[in-house]
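Undergrad: From TrEMBL, for reference:
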type	residues	note
TRANSMEM	137-156	transmembrane segment
TRANSMEM	162-183	transmembrane segment
TRANSMEM	203-224	transmembrane segment
TRANSMEM	257-274	transmembrane segment
TRANSMEM	280-301	transmembrane segment
TRANSMEM	328-347	transmembrane segment
């Protein structure tokens, strides 16, 4: 009885699956899935090759070839289901991965300027590099060294003067960046790191940049007028360096030295703001130490752009020194530390200054000998670490003056 029922069911299955009017069977993928899967090849059954199939009356036939055919058909069905079930999820995962990656990139490029400032103000803040304070720190530290060194022994430095110079460093550094971007707008478009700057990218016109520069210099003038007459003249004379520095890379391989002369002018100005005059034995070694320090950190910084500089045709100490960069900046580092020691000695500063100077020496040695000059990320990291060098020296001057 059981065998009879199985036989009838088999006949009905085969009748609908393999019509007797056709001698071939084709397995076709449903058209709805054509965009996701490929069409399986046709499978034909030759009646002469399978004589026992006849008109499919002998459904219990166990021919091994026919069993292989059914197995292949089953596997094809399984592959179809597998493709349909996995393909959409793979697409979703890929889409999710792309979204996550783009999200990470956008987060990495977002600064506080984009989050908190009005949209029409953002290009001006970027032009002044307000989102990159390292330049302000590097400009401010020599000022703070000098002001503190000029303080009365055993007393704290003048906090009002420190605040004025802090604001002045922020404004003058921003003005220098604006001048640099206006003069270098044709070069910045050809350098990967600078082509997104507001003037080079077209967010601001040169006229808008000039108007913003006038605004910055006006505010800077307001701060300069708070100082004594000697300091006003000395401070105003620094503008010649500020305006000419961006042009130096076109004419000499030593623009970093010229930047040192510009960026460390505060070492002279800070002393005169307190004393009303210059003491060359103290101030000139301090100024020279800042120039040598700038040659160290800005040469490291210049290695980020050396490939683009070669293409554009501008010059730098990174290109001048080449493979001997570490030897050169080691010499500049030694000169920097020696000048700081001489300035402190002439100022008759207390012993803590030299302890801090030893710590600063370790920081300088670390960045010079561990920097990977072929890595833009590492060069930028070591460059940024110089804010700590400046802070250590400031701490040493402060401690040395308090115990003098």
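Placement of Cβ uses the backbone N, Cα and C atoms for every residue, glycine included.
All annotation found in TrEMBL is predicted automatically rather than curated by experts.
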Undergrad: For the transmembrane segment (280-301), find every same-chain residue at least 6 residues outside the stretch whose CB is under 8 Å from a CB in it, and list them.
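TA: Counting only partners 6 or more residues beyond its ends, the transmembrane segment (280-301) has Cβ contacts under 8 Å with 138, 142, 145-146, 149, 256-257, 259-261, 263-265, 267-268, 271, 316-318, 321, 325, 328-329, 332-333, 335-340, 342-343, 346-347, 364, 367-368, 371, 373, 379-380, 382-383, 386, 389.
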Undergrad: The transmembrane segment (137-156): which same-chain residues, six or more beyond its ends, come within Cβ distance under 8 Å?
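TA: Distal contacts: 162, 165-166, 168-169, 172-173, 263-264, 266-271, 273-275, 282-283, 286-287, 290, 294, 297, 343-344, 347, 349, 386-387, 390-391, 393-394, 397-398, 401-404.
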Undergrad: Could you tell me what the rest of the chain brings near the transmembrane segment (328-347), counting residues at least six beyond its ends with Cβ under 8 Å?
TA: 149, 281-283, 285-286, 288-290, 292-293, 295-296, 299-300, 317, 321, 353-354, 357, 360-361, 364-365, 368, 393, 396-397, 400
Undergrad: In terms of Cβ proximity under 8 Å, which residues at least six beyond the ends of the transmembrane segment (203-224) contact it?
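TA: Residues 123-124, 126-128, 164, 167-168, 171-172, 174-175, 178-179, 181-182, 185, 231-232, 235-236 contact the transmembrane segment (203-224) from elsewhere in the chain.
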